[in-house]
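Worksheet: the structure to be examined is printed underneath.
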Amino acid sequence: MARNIPLERVRNIGIAAHIDAGKTTTTERILFYSGVIHKIGEVHEGNTVTDWMAQERERGITITAAAITTAWTRRDPENPTQPLPGALEHKINIIDTPGHVDFTIEVERSMRVLDGVITVLCSVGGVQPQTETVWRQANRYNVPRFIFVNKMDRTGANFYKVYSQVRDRLRANAVPIQLPIGAEDTLSGIVDLVGMKAYVYGNDIGTDIRVEEIPADMEELVQEYRAKLIEAVSETDDVLLEKYFGGEELTEAEIKAALRKGTVANTIVPMLCGSAFKNKGVQQMLDAVLDYLPSPLDIPPIKGLLPNGTEVERSADDSQPLSALAFKIMADPYGRLTFVRVYSGILQKGSYALNASKDKKERISRLIVLKADDRIEVDELRAGDLGAVVGLKDTFTGDTLCTEDSPVILESLFIPEPVISVAIEPKTKADLDKLSKALQSLSEEDPTFRVHVDQETNQTIIAGMGELHLEILVDRMLREFKVEANVGAPQVAYRETIRKAVNNVEGLYKRQTGGKGQYGHVVINLEPGEPGTGFEFVSKIVGGVVPKEYIGPAEQGMKERCESGVIAGYPLIDVKVTMVDGSYHDVDSSEMAFKIAGSLALREAAQKAQPVLLEPMMKVEVEVSGDFLGDVMGDLNARRGQIESMDNEGGVSKVTSRVPLAEMFGYATDIRSKTQGRGTFSMEFSHYEEVPRNVAETIIAKNKGNA
């Protein structure tokens, strides 16, 4: 079957930002103007298309990355409510992502599979902590983007302040290509710095847009920002640079081509403005998606590994062998949905694909594309497409689907570690099986949600990215799986590590009491690893002193010992083990004996290597009026916080600090009472840091039952 729309007219984009910047409203307007919906939904009314989970509609926040397909034809610059005569339709796949830090994995997995991003910023709040997190995630995957400064109709709106923040805090080469005409309740339109026109809105529903001369009182400002635009685009191309230095005018086509080149190369970040809620600037933003964000053909080929470890590239081409990345799992009444991005080749309904990550064959029984909760069945997904496969059994987030005769494994996703855990149990014994099924289903969907059983207490422990994250998952158990659960108090996800290296530590397991005995013997070196490496194992066994079949079990024993640590029962991380020697017995040695020997060696070595306790540190930003600043800072210090910076703007102080997560439980209530309800804060995971000795002693004693 031929492709309906050629790849150069396809855009895979995400809409990402800080919570409350207006992402979901912006998406709704895009869907309205592109004809997917015929009535605009509002977040505050709980009837938006992309927020389709019950909790999303109740809370007014986006939790899961909803994927939607729509289409857009470039507007006529002289008649902006109508398509440009002769312009061709483009297909746009949109992912609306959450802005709440507890759901950061949804942003992470979206960035991994997108070609471009619209970053929505609030014209009042500007760059917020979660904006910086989203920006870093986009940087990690080198995703081209532009900025839409939203809510220009709100009191306190300031486009130029946001422009400065983007350059200073995000260190981005932001280039405004539009300026607002007016602000707050006088917002009446936008100036297009590329076409040098003013678009003035006759109403708040986006159906009456007039093209006018640029207002006389803006002439100087427009010339200043037009000059910045021309300078920025000239630097993308030697020919344009020559024209610029020669004092020649650049044509509109040259400016657009250079802007596209700079945006795709991530050297320019265009800035647009408007008000999604008041329907101002949305059509122009959609034109910018077509003009400046890349098609699948514009991005570099995806890199992967062949089974022998050789690096290979796959480009966006239907004729190449299939390669697709699973980026999201979702439980659904129709069956388990596995969302995929097809990077090359064609994924066909009724065919078989190899899950190269697990080396298992999967049958592709049904393929669908989504319009939020509408599912449209399709026969195939081609290179550059986003869609979902129904009913895959062994494929999870980060796995690669390919053909058996051309296997490849694509780079997976970065999955952050959980920072908070709680014990959970069903309210009635009858619900035990249902709870187990619910936890399995939810952990398959969300790789940052972990479930394990505490070996000592036999309690089921769930771990996640924050209190809201776990609260919503428990809520989903009740709604979707009809399981009522009791949840314990939140616990901090402490970790253990070591501070010095130790060499030649032995682990000997010997049981010889007549008959077949047990014998395993290993010698290891243990040293601190790089932060974030977890557990690293190297074997330097030579000459067969330990047979190959026993090295794996010894490593497994060490890994399992790391899971329960050596000082307080928390996982031991960022260690490098080198197995240097050992011995075996022809009759008595076994895999189990070497597994136990490995565990004994690791425990002995870690106890000698100056083990320490680590705790998650959170980046906390508090905004408060000056009257309460002293109380807030005193409180942060009392919570073992480290104040990093303070800014004051318009009578509001912003305090940035790093505070241990253990000290932040209940902070939302405390700050409300300390500031009479006028203080706000945001918190996100920063890093792990060593726990002060006096605090560590209390935690260790408590875990040993001595507290």
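In case you wondered, yes, glycine gets a Cβ from its N, Cα and C as well.
According to Swiss-Prot, the protein has these features:
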| type | residues | note |
| --- | --- | --- |
| DOMAIN | 8-297 | domain 'tr-type G' |
| BINDING | 17-24, 96-100, 150-153 | GTP binding site |
Could you find out if DSSP has Asp20 (GTP binding site) as helix, strand or coil?
coil
Measure from the Cβ of Asp20 (GTP binding site) and count the other Cβ atoms within 10 Å, all protein chains considered.
17
Around Ala17 (GTP binding site), how many other CB atoms lie within 10 A of its CB?
29
Relative to the Cβ position of Lys23 (GTP binding site), how many further Cβ atoms are located within 10 Å?
28
